[in-house]
(Lines of atoms letter the chains of each structure in order from A and count residues from 1; the text may use other names and numbers.)
(Lines give C-alpha, C1' and ligand atoms only; values in the text may rest on other atoms or scores of the structure.)
Protein backbone atom coordinates (compact mmCIF):
# COMPACT_ATOMS: atom_id res chain seq x y z
CA UNK A 1 0.00 0.00 0.00
CA UNK A 2 2.65 2.52 1.08
CA UNK A 3 4.70 2.35 -2.13
CA UNK A 4 2.07 1.52 -4.76
CA UNK A 5 -0.69 3.95 -3.87
CA UNK A 6 0.92 7.30 -4.89
CA UNK A 7 1.76 5.74 -8.29
CA UNK A 8 -1.68 4.11 -8.73
CA UNK A 9 -3.68 7.34 -8.37
CA UNK A 10 -1.85 8.73 -11.44
CA UNK A 11 -4.63 6.97 -13.46
CA UNK A 12 -7.08 9.71 -12.39
CA UNK A 13 -4.78 12.66 -13.20
CA UNK A 14 -5.92 13.32 -16.76
CA UNK A 15 -9.60 13.42 -15.71
CA UNK A 16 -8.99 15.48 -12.52
CA UNK A 17 -6.89 17.88 -14.61
CA UNK A 18 -9.82 18.37 -17.03
CA UNK A 19 -12.31 18.67 -14.13
CA UNK A 20 -10.39 21.43 -12.30
CA UNK A 21 -8.79 22.94 -15.44
CA UNK A 22 -5.22 22.68 -14.12
CA UNK A 23 -1.81 22.27 -15.80
CA UNK A 24 0.42 19.14 -15.77
CA UNK A 25 2.74 20.61 -13.15
CA UNK A 26 -0.20 21.51 -10.82
CA UNK A 27 -1.73 18.01 -10.97
CA UNK A 28 1.73 16.42 -10.50
CA UNK A 29 1.92 18.10 -7.06
CA UNK A 30 -0.74 15.64 -5.77
CA UNK A 31 1.57 12.64 -6.23
CA UNK A 32 4.73 14.52 -5.26
CA UNK A 33 3.21 15.87 -2.00
CA UNK A 34 1.98 12.35 -1.15
CA UNK A 35 5.41 10.85 -1.84
CA UNK A 36 7.27 13.67 -0.06
CA UNK A 37 5.05 13.39 3.03
CA UNK A 38 5.48 9.60 3.01
CA UNK A 39 9.25 10.07 3.06
CA UNK A 40 9.45 13.36 5.01
CA UNK A 41 7.44 12.02 7.94
CA UNK A 42 10.05 9.25 8.30
CA UNK A 43 11.63 10.62 11.51
CA UNK A 44 8.20 11.01 13.18
CA UNK A 45 7.38 7.44 12.19
CA UNK A 46 10.76 6.20 13.49
CA UNK A 47 10.25 8.00 16.83
CA UNK A 48 6.75 6.52 17.19
CA UNK A 49 8.04 3.02 16.36
CA UNK A 50 10.83 3.35 18.96
CA UNK A 51 8.29 4.58 21.52
CA UNK A 52 5.22 2.40 20.87
CA UNK A 53 6.33 -0.41 18.53
CA UNK A 54 5.38 -1.25 14.94
CA UNK A 55 1.87 -2.63 15.47
CA UNK A 56 -0.04 0.44 16.82
CA UNK A 57 1.81 2.80 14.45
CA UNK A 58 0.76 0.86 11.33
CA UNK A 59 -2.85 0.59 12.55
CA UNK A 60 -3.04 4.34 13.18
CA UNK A 61 -1.46 4.95 9.76
CA UNK A 62 -4.13 2.83 8.05
CA UNK A 63 -6.84 4.84 9.79
CA UNK A 64 -5.31 8.13 8.55
CA UNK A 65 -5.08 6.78 4.97
CA UNK A 66 -8.78 5.89 4.98
CA UNK A 67 -9.80 9.30 6.40
CA UNK A 68 -7.63 11.14 3.85
CA UNK A 69 -9.06 9.40 0.80
CA UNK A 70 -12.69 9.55 1.96
CA UNK A 71 -12.37 13.31 2.61
CA UNK A 72 -10.67 13.72 -0.83
CA UNK A 73 -13.88 12.46 -2.46
CA UNK A 74 -15.63 15.68 -1.32
CA UNK A 75 -12.91 18.13 -2.46
CA UNK A 76 -13.98 21.14 -4.54
CA UNK A 77 -10.50 22.49 -5.45
CA UNK A 78 -7.01 21.21 -6.28
CA UNK A 79 -5.68 22.79 -3.06
CA UNK A 80 -8.04 20.62 -0.97
CA UNK A 81 -6.75 17.56 -2.87
CA UNK A 82 -3.18 18.53 -1.89
CA UNK A 83 -4.24 18.53 1.79
CA UNK A 84 -6.41 15.37 1.81
CA UNK A 85 -4.50 13.11 -0.59
CA UNK A 86 -1.07 14.74 -0.22
CA UNK A 87 -0.68 15.42 3.48
CA UNK A 88 -3.25 13.27 5.36
CA UNK A 89 -3.00 10.12 3.20
CA UNK A 90 0.76 10.68 2.73
CA UNK A 91 1.33 10.83 6.49
CA UNK A 92 -0.74 7.66 6.96
CA UNK A 93 1.38 5.89 4.32
CA UNK A 94 4.57 7.05 6.13
CA UNK A 95 3.31 5.35 9.29
CA UNK A 96 2.89 2.16 7.21
CA UNK A 97 6.22 2.28 5.34
CA UNK A 98 8.76 2.82 8.14
CA UNK A 99 7.54 0.10 10.57
CA UNK A 100 7.27 -2.39 7.67
CA UNK A 101 10.93 -1.85 6.78
CA UNK A 102 12.15 -1.69 10.40
CA UNK A 103 10.45 -4.92 11.51
CA UNK A 104 12.26 -6.91 8.76
CA UNK A 105 15.62 -5.86 10.22
CA UNK A 106 14.48 -7.06 13.66
CA UNK A 107 13.32 -10.49 12.45
CA UNK A 108 16.02 -11.35 9.88
CA UNK A 109 19.81 -11.24 9.75
CA UNK A 110 21.31 -14.06 7.64
CA UNK A 111 18.73 -13.93 4.83
CA UNK A 112 17.79 -10.28 5.23
CA UNK A 113 18.33 -9.26 1.54
CA UNK A 114 15.89 -12.01 0.42
CA UNK A 115 13.39 -10.98 3.12
CA UNK A 116 13.65 -7.32 2.02
CA UNK A 117 13.21 -8.31 -1.64
CA UNK A 118 10.10 -10.38 -0.88
CA UNK A 119 8.57 -7.70 1.36
CA UNK A 120 9.19 -5.01 -1.25
CA UNK A 121 7.43 -7.23 -3.83
CA UNK A 122 4.19 -6.23 -2.08
CA UNK A 123 4.27 -2.87 -3.85
CA UNK A 124 4.18 -4.20 -7.44
CA UNK A 125 1.55 -6.81 -6.48
CA UNK A 126 -0.63 -3.91 -5.34
CA UNK A 127 0.24 -1.71 -8.33
CA UNK A 128 -0.56 -4.31 -11.02
CA UNK A 129 -3.99 -4.76 -9.35
CA UNK A 130 -4.53 -1.08 -8.59
CA UNK A 131 -3.93 0.32 -12.10
CA UNK A 132 -6.73 -1.59 -13.90
CA UNK A 133 -8.94 -1.45 -10.76
CA UNK A 134 -8.69 2.37 -10.68
CA UNK A 135 -9.64 2.59 -14.37
CA UNK A 136 -12.63 0.28 -13.75
CA UNK A 137 -13.71 2.31 -10.70
CA UNK A 138 -13.42 5.56 -12.63
CA UNK A 139 -15.56 4.25 -15.54
CA UNK A 140 -18.29 3.09 -13.13
CA UNK A 141 -18.21 5.57 -10.23
CA UNK A 142 -16.20 8.62 -11.42
CA UNK A 143 -13.14 9.89 -9.57
CA UNK A 144 -15.11 10.92 -6.44
CA UNK A 145 -16.74 7.50 -6.03
CA UNK A 146 -13.37 5.85 -6.71
CA UNK A 147 -11.73 7.85 -3.92
CA UNK A 148 -14.44 6.73 -1.46
CA UNK A 149 -13.88 3.07 -2.36
CA UNK A 150 -10.07 3.46 -2.21
CA UNK A 151 -10.42 4.99 1.26
CA UNK A 152 -12.21 1.83 2.39
CA UNK A 153 -9.57 -0.36 0.70
CA UNK A 154 -6.75 1.49 2.53
CA UNK A 155 -8.35 0.62 5.89
CA UNK A 156 -6.93 -2.87 5.28
CA UNK A 157 -3.60 -1.38 6.48
CA UNK A 158 -5.11 -1.60 9.99
CA UNK A 159 -5.56 -5.37 9.47
CA UNK A 160 -1.96 -5.68 8.23
CA UNK A 161 -0.76 -3.71 11.26
CA UNK A 162 -2.64 -6.01 13.65
CA UNK A 163 -0.53 -8.90 12.29
CA UNK A 164 2.80 -7.18 13.09
CA UNK A 165 3.75 -9.42 15.99
CA UNK A 166 6.18 -7.91 18.52
CA UNK A 167 9.31 -9.98 19.27
CA UNK A 168 9.55 -11.73 22.66
CA UNK A 169 13.13 -10.52 23.21
CA UNK A 170 11.86 -6.96 23.25
CA UNK A 171 9.37 -7.85 26.02
CA UNK A 172 12.10 -9.42 28.14
CA UNK A 173 14.31 -6.33 27.80
CA UNK A 174 11.35 -4.14 28.86
CA UNK A 175 10.85 -6.31 31.98
CA UNK A 176 14.55 -5.99 32.86
CA UNK A 177 14.33 -2.24 32.39
CA UNK A 178 11.32 -2.07 34.74
CA UNK A 179 13.15 -4.13 37.37
CA UNK A 180 16.17 -1.81 37.09
CA UNK A 181 13.90 1.20 37.55
CA UNK A 182 12.46 -0.33 40.75
CA UNK A 183 15.95 -0.93 42.11
CA UNK A 184 17.11 2.56 41.10
CA UNK A 185 15.71 4.45 44.14
CA UNK A 186 17.72 2.22 46.56
CA UNK A 187 20.90 2.86 44.56
CA UNK A 188 20.21 6.61 44.58
CA UNK A 189 19.82 6.63 48.41
CA UNK A 190 23.16 4.88 48.91
CA UNK A 191 24.84 7.18 46.37
CA UNK A 192 23.51 10.28 48.19
CA UNK A 193 24.71 8.97 51.59
CA UNK A 194 28.22 8.29 50.20
CA UNK A 195 28.33 11.78 48.65
CA UNK A 196 27.22 13.44 51.92
CA UNK A 197 29.87 11.57 53.92
CA UNK A 198 32.50 12.99 51.55
CA UNK A 199 34.04 16.19 53.10
CA UNK A 200 34.30 17.78 49.63
CA UNK A 201 30.51 17.42 49.13
CA UNK A 202 28.68 20.57 48.01
CA UNK A 203 24.91 20.32 47.43
CA UNK A 204 23.82 21.16 43.88
CA UNK A 205 20.37 22.71 43.98
CA UNK A 206 19.83 22.98 40.25
CA UNK A 207 21.36 21.50 37.10
CA UNK A 208 23.60 23.72 35.02
CA UNK A 209 22.51 24.80 31.55
CA UNK A 210 25.17 22.54 29.96
CA UNK A 211 23.80 19.47 31.78
CA UNK A 212 20.24 20.30 30.70
CA UNK A 213 21.43 20.65 27.09
CA UNK A 214 23.19 17.28 27.34
CA UNK A 215 20.02 15.63 28.70
CA UNK A 216 17.98 17.14 25.86
CA UNK A 217 20.51 15.90 23.24
CA UNK A 218 20.51 12.42 24.80
CA UNK A 219 16.69 12.27 24.59
CA UNK A 220 16.75 13.27 20.91
CA UNK A 221 19.55 10.78 20.16
CA UNK A 222 17.45 7.99 21.70
CA UNK A 223 15.15 8.30 18.69
CA UNK A 224 17.31 9.90 15.98
CA UNK A 225 21.05 9.31 15.99
CA UNK A 226 22.50 12.53 14.50
CA UNK A 227 26.03 11.15 14.84
CA UNK A 228 25.25 9.29 11.58
CA UNK A 229 26.07 12.52 9.74
CA UNK A 230 29.71 11.82 10.67
CA UNK A 231 29.47 8.32 9.11
CA UNK A 232 31.26 8.32 5.72
CA UNK A 233 29.21 5.53 4.10
CA UNK A 234 25.91 7.05 5.31
CA UNK A 235 26.77 10.45 3.79
CA UNK A 236 27.71 8.89 0.42
CA UNK A 237 24.42 6.94 0.38
CA UNK A 238 22.43 10.06 1.33
CA UNK A 239 23.94 12.34 -1.36
CA UNK A 240 23.50 9.67 -4.06
CA UNK A 241 19.86 9.04 -3.09
CA UNK A 242 18.95 12.73 -2.88
CA UNK A 243 20.20 13.15 -6.46
CA UNK A 244 18.52 9.93 -7.64
CA UNK A 245 15.04 10.89 -6.37
CA UNK A 246 14.95 13.94 -8.66
CA UNK A 247 14.28 11.50 -11.49
CA UNK A 248 13.00 8.37 -9.75
CA UNK A 249 9.21 8.85 -9.47
CA UNK A 250 8.36 11.28 -12.31
CA UNK A 251 8.45 8.65 -15.16
CA UNK A 252 6.07 6.30 -13.32
CA UNK A 253 3.68 9.18 -12.49
CA UNK A 254 3.56 10.36 -16.14
CA UNK A 255 3.65 6.98 -17.92
CA UNK A 256 -0.14 6.51 -18.19
CA UNK A 257 -0.84 10.21 -19.07
CA UNK A 258 1.92 10.00 -21.74
CA UNK A 259 0.30 6.92 -23.30
CA UNK A 260 -3.09 8.71 -23.37
CA UNK A 261 -1.39 11.81 -24.86
CA UNK A 262 -0.08 9.86 -27.88
CA UNK A 263 -3.54 8.41 -28.58
CA UNK A 264 -3.54 5.08 -26.70
CA UNK A 265 -6.88 4.12 -25.08
CA UNK A 266 -7.38 4.32 -21.28
CA UNK A 267 -7.26 0.60 -20.47
CA UNK A 268 -4.14 0.01 -22.58
CA UNK A 269 -2.48 2.98 -20.86
CA UNK A 270 -3.39 1.55 -17.42
CA UNK A 271 -2.14 -1.87 -18.56
CA UNK A 272 1.36 -0.38 -19.06
CA UNK A 273 1.52 0.17 -15.29
CA UNK A 274 0.38 -3.43 -14.75
CA UNK A 275 3.16 -4.73 -17.07
CA UNK A 276 5.68 -2.60 -15.16
CA UNK A 277 4.33 -3.93 -11.84
CA UNK A 278 4.39 -7.62 -12.92
CA UNK A 279 8.05 -7.36 -14.01
CA UNK A 280 8.81 -5.39 -10.83
CA UNK A 281 7.15 -8.15 -8.78
CA UNK A 282 9.52 -10.78 -10.19
CA UNK A 283 12.57 -8.46 -10.14
CA UNK A 284 12.44 -7.64 -6.41
CA UNK A 285 12.72 -11.15 -4.90
CA UNK A 286 15.16 -12.16 -7.68
CA UNK A 287 17.33 -9.14 -6.84
CA UNK A 288 17.14 -10.10 -3.15
CA UNK A 289 18.42 -13.61 -3.95
CA UNK A 290 21.26 -12.27 -6.13
CA UNK A 291 22.17 -9.64 -3.50
CA UNK A 292 22.30 -12.37 -0.82
CA UNK A 293 24.81 -14.47 -2.83
CA UNK A 294 28.42 -14.73 -1.59
CA UNK A 295 29.72 -12.94 -4.71
CA UNK A 296 27.45 -9.86 -4.51
CA UNK A 297 26.72 -9.29 -0.80
CA UNK A 298 30.27 -8.20 0.22
CA UNK A 299 30.11 -5.53 -2.53
CA UNK A 300 26.35 -4.86 -2.58
CA UNK A 301 26.88 -1.09 -2.92
CA UNK A 302 28.29 -1.55 -6.46
CA UNK A 303 25.22 -3.58 -7.45
CA UNK A 304 22.97 -0.79 -6.13
CA UNK A 305 24.94 1.85 -8.10
CA UNK A 306 24.58 -0.21 -11.30
CA UNK A 307 20.79 -0.55 -10.74
CA UNK A 308 20.37 3.24 -10.50
CA UNK A 309 22.45 3.88 -13.66
CA UNK A 310 20.49 1.13 -15.52
CA UNK A 311 17.23 2.82 -14.46
CA UNK A 312 18.48 6.12 -15.89
CA UNK A 313 19.52 4.49 -19.17
CA UNK A 314 15.94 3.14 -19.62
CA UNK A 315 14.48 6.68 -19.31
CA UNK A 316 17.03 8.11 -21.76
CA UNK A 317 15.94 5.53 -24.35
CA UNK A 318 12.18 5.98 -23.71
CA UNK A 319 11.67 8.85 -26.26
CA UNK A 320 12.70 6.37 -29.01
CA UNK A 321 9.51 4.35 -28.24
CA UNK A 322 6.92 5.93 -30.52
CA UNK A 323 4.08 3.35 -30.56
CA UNK A 324 2.40 1.07 -28.01
CA UNK A 325 4.83 -1.82 -28.65
CA UNK A 326 7.77 0.46 -27.85
CA UNK A 327 6.10 1.58 -24.60
CA UNK A 328 5.48 -2.06 -23.60
CA UNK A 329 9.22 -2.82 -24.09
CA UNK A 330 10.10 0.34 -22.09
CA UNK A 331 7.69 -0.74 -19.30
CA UNK A 332 9.38 -4.18 -19.08
CA UNK A 333 12.88 -2.74 -18.75
CA UNK A 334 11.67 0.06 -16.46
CA UNK A 335 9.93 -2.53 -14.22
CA UNK A 336 13.15 -4.56 -14.01
CA UNK A 337 15.31 -1.53 -13.17
CA UNK A 338 12.75 -0.09 -10.73
CA UNK A 339 12.46 -3.44 -8.91
CA UNK A 340 16.24 -3.75 -8.60
CA UNK A 341 16.56 -0.29 -7.00
CA UNK A 342 13.60 -0.74 -4.63
CA UNK A 343 14.73 -4.20 -3.46
CA UNK A 344 18.12 -2.82 -2.38
CA UNK A 345 17.14 0.68 -1.28
CA UNK A 346 16.99 -0.16 2.44
CA UNK A 347 19.22 -3.24 2.37
CA UNK A 348 22.22 -1.14 1.27
CA UNK A 349 21.53 1.37 4.06
CA UNK A 350 21.37 -1.44 6.64
CA UNK A 351 24.61 -2.84 5.22
CA UNK A 352 26.32 0.53 5.82
CA UNK A 353 25.05 1.48 9.29
CA UNK A 354 24.09 -1.89 10.84
CA UNK A 355 20.74 -3.07 12.23
CA UNK A 356 21.17 -1.24 15.58
CA UNK A 357 21.31 2.25 13.99
CA UNK A 358 19.00 1.44 11.06
CA UNK A 359 15.79 2.87 12.59
CA UNK A 360 17.44 6.29 13.07
CA UNK A 361 19.13 6.08 9.65
CA UNK A 362 15.82 5.46 7.83
CA UNK A 363 14.23 8.43 9.60
CA UNK A 364 17.08 10.80 8.76
CA UNK A 365 17.40 9.61 5.14
CA UNK A 366 13.69 9.97 4.38
CA UNK A 367 13.41 13.53 5.75
CA UNK A 368 16.38 14.70 3.64
CA UNK A 369 15.14 12.85 0.53
CA UNK A 370 11.62 14.28 0.75
CA UNK A 371 12.80 17.62 -0.75
CA UNK A 372 13.90 16.06 -4.06
CA UNK A 373 10.93 13.64 -4.05
CA UNK A 374 8.63 16.67 -3.71
CA UNK A 375 10.31 18.54 -6.58
CA UNK A 376 10.82 15.61 -9.03
CA UNK A 377 7.31 15.21 -10.56
CA UNK A 378 6.46 18.97 -10.67
CA UNK A 379 9.76 19.72 -12.47
CA UNK A 380 8.81 17.00 -14.96
CA UNK A 381 5.32 18.53 -15.30
CA UNK A 382 6.82 22.00 -15.87
CA UNK A 383 9.02 20.61 -18.70
CA UNK A 384 5.91 19.06 -20.33
CA UNK A 385 3.96 22.36 -20.00
CA UNK A 386 6.90 24.38 -21.39
CA UNK A 387 7.83 22.21 -24.41
CA UNK A 388 4.49 20.44 -24.97
CA UNK A 389 6.41 17.15 -25.25
CA UNK A 390 7.07 14.37 -22.75
CA UNK A 391 10.52 13.40 -24.11
CA UNK A 392 12.34 16.23 -22.26
CA UNK A 393 10.93 14.99 -18.96
CA UNK A 394 12.23 11.45 -19.63
CA UNK A 395 15.66 12.76 -20.73
CA UNK A 396 15.96 14.90 -17.56
CA UNK A 397 15.08 11.94 -15.31
CA UNK A 398 17.45 9.60 -17.15
CA UNK A 399 20.41 12.02 -17.04
CA UNK A 400 19.95 12.68 -13.29
CA UNK A 401 19.78 8.95 -12.46
CA UNK A 402 22.83 8.03 -14.56
CA UNK A 403 24.73 10.80 -12.77
CA UNK A 404 23.57 9.51 -9.34
CA UNK A 405 24.59 5.93 -10.20
CA UNK A 406 28.03 7.04 -11.40
CA UNK A 407 28.57 9.16 -8.28
CA UNK A 408 27.63 6.25 -5.98
CA UNK A 409 29.88 3.82 -7.87
CA UNK A 410 32.96 6.09 -7.61
CA UNK A 411 32.36 7.09 -3.98
CA UNK A 412 31.61 3.51 -2.87
CA UNK A 413 34.89 2.42 -4.47
CA UNK A 414 36.63 5.10 -2.38
CA UNK A 415 34.71 4.04 0.76
CA UNK A 416 35.63 0.34 0.31
CA UNK A 417 39.30 1.31 -0.16
CA UNK A 418 39.26 3.42 3.02
CA UNK A 419 37.53 0.67 5.02
CA UNK A 420 40.13 -1.88 3.86
CA UNK A 421 42.93 0.51 4.86
CA UNK A 422 41.40 1.12 8.32
CA UNK A 423 40.92 -2.62 8.85
CA UNK A 424 44.56 -3.27 7.87
CA UNK A 425 45.80 -0.67 10.39
CA UNK A 426 43.60 -2.12 13.13
CA UNK A 427 44.91 -5.66 12.51
CA UNK A 428 48.51 -4.39 12.50
CA UNK A 429 47.96 -2.90 15.95
CA UNK A 430 46.35 -6.10 17.25
CA UNK A 431 49.18 -8.28 15.89
CA UNK A 432 51.86 -6.18 17.64
CA UNK A 433 50.91 -6.35 21.35
CA UNK A 434 54.18 -4.68 22.49
CA UNK A 435 53.10 -1.34 21.01
CA UNK A 436 49.71 -1.48 22.72
CA UNK A 437 51.24 -2.61 26.07
CA UNK A 438 53.94 0.10 26.15
CA UNK A 439 51.39 2.76 25.17
CA UNK A 440 48.99 1.67 27.93
CA UNK A 441 51.77 1.41 30.56
CA UNK A 442 53.17 4.82 29.66
CA UNK A 443 49.69 6.37 29.82
CA UNK A 444 48.87 4.83 33.24
CA UNK A 445 52.27 5.84 34.70
CA UNK A 446 51.88 9.37 33.47
CA UNK A 447 48.38 9.59 35.01
CA UNK A 448 49.71 8.38 38.39
CA UNK A 449 52.56 10.90 38.32
CA UNK A 450 50.32 13.81 37.42
CA UNK A 451 47.84 12.86 40.18
CA UNK A 452 50.58 12.58 42.86
CA UNK A 453 52.39 15.83 41.93
CA UNK A 454 50.84 19.02 43.23
CA UNK A 455 51.29 22.51 41.73
CA UNK A 456 54.29 23.17 43.99
CA UNK A 457 56.26 20.43 42.16
CA UNK A 458 55.83 22.05 38.74
CA UNK A 459 59.60 22.57 38.03
CA UNK A 460 60.41 18.94 38.98
CA UNK A 461 57.62 17.65 36.69
CA UNK A 462 59.02 19.62 33.74
CA UNK A 463 62.49 18.20 34.41
CA UNK A 464 61.09 14.64 34.60
CA UNK A 465 59.23 15.18 31.33
CA UNK A 466 62.51 16.20 29.65
CA UNK A 467 64.25 13.07 30.93
CA UNK A 468 61.39 10.89 29.74
CA UNK A 469 61.64 12.35 26.26
CA UNK A 470 65.40 11.61 26.22
CA UNK A 471 64.79 7.97 27.28
CA UNK A 472 62.19 7.49 24.58
CA UNK A 473 64.67 8.87 22.03
CA UNK A 474 62.47 11.83 21.14
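Including glycine, each Cβ sits where the backbone N, Cα and C put it.
Feature annotation from TrEMBL assigns domain 'Major facilitator superfamily (MFS) profile' to 1-416. The transmembrane segment feature in TrEMBL is assigned to 27-49, 56-74, 80-102, 114-133, 145-167, 234-255, 267-290, 302-322, 328-346, 358-380, 392-414. Taken from TrEMBL, the feature compositional bias 'Basic and acidic residues' applies to 424-442, 458-468. Under the heading region 'Disordered', TrEMBL lists 424-474. The annotation compositional bias 'Polar residues' is assigned in TrEMBL to 443-453.
Between the transmembrane segment (392-414) and the transmembrane segment (234-255), three or more CB pairs separated by 6 or more residues in sequence fall under 8 Å, so the two stretches touch.
Across the residues of the domain 'Major facilitator superfamily (MFS) profile' (1-416), the predicted structure has a mean pLDDT of 78. Contact counts against the transmembrane segment (358-380), taken as Cβ pairs under 8 Å, peak for 27-49 among the stretches 27-49, 145-167, 234-255, 328-346. Contact between the transmembrane segment (234-255) and the transmembrane segment (145-167) is absent: fewer than three CB pairs lie under 8 Å, with pairs separated by 6 or more positions in sequence.
A Cβ distance under 8 Å defines the sequence-distant neighbours of the transmembrane segment (145-167), meaning residues of its chain 6+ beyond its ends; these are 1, 5, 9, 12, 53-63, 65-70, 72-73, 89, 92, 96, 99, 103, 106-107, 134, 137-138.
Long-range contacts of the transmembrane segment (80-102) within the same chain, counting only residues at least 6 positions beyond its ends with a Cβ under 8 Å from a Cβ of the stretch, are 1-3, 5-6, 9, 16, 29-30, 33-42, 44-46, 48-49, 54-55, 57-58, 60-69, 71-72, 116, 119, 154, 157, 160-161, 164, 346, 358-359, 362-363, 366.
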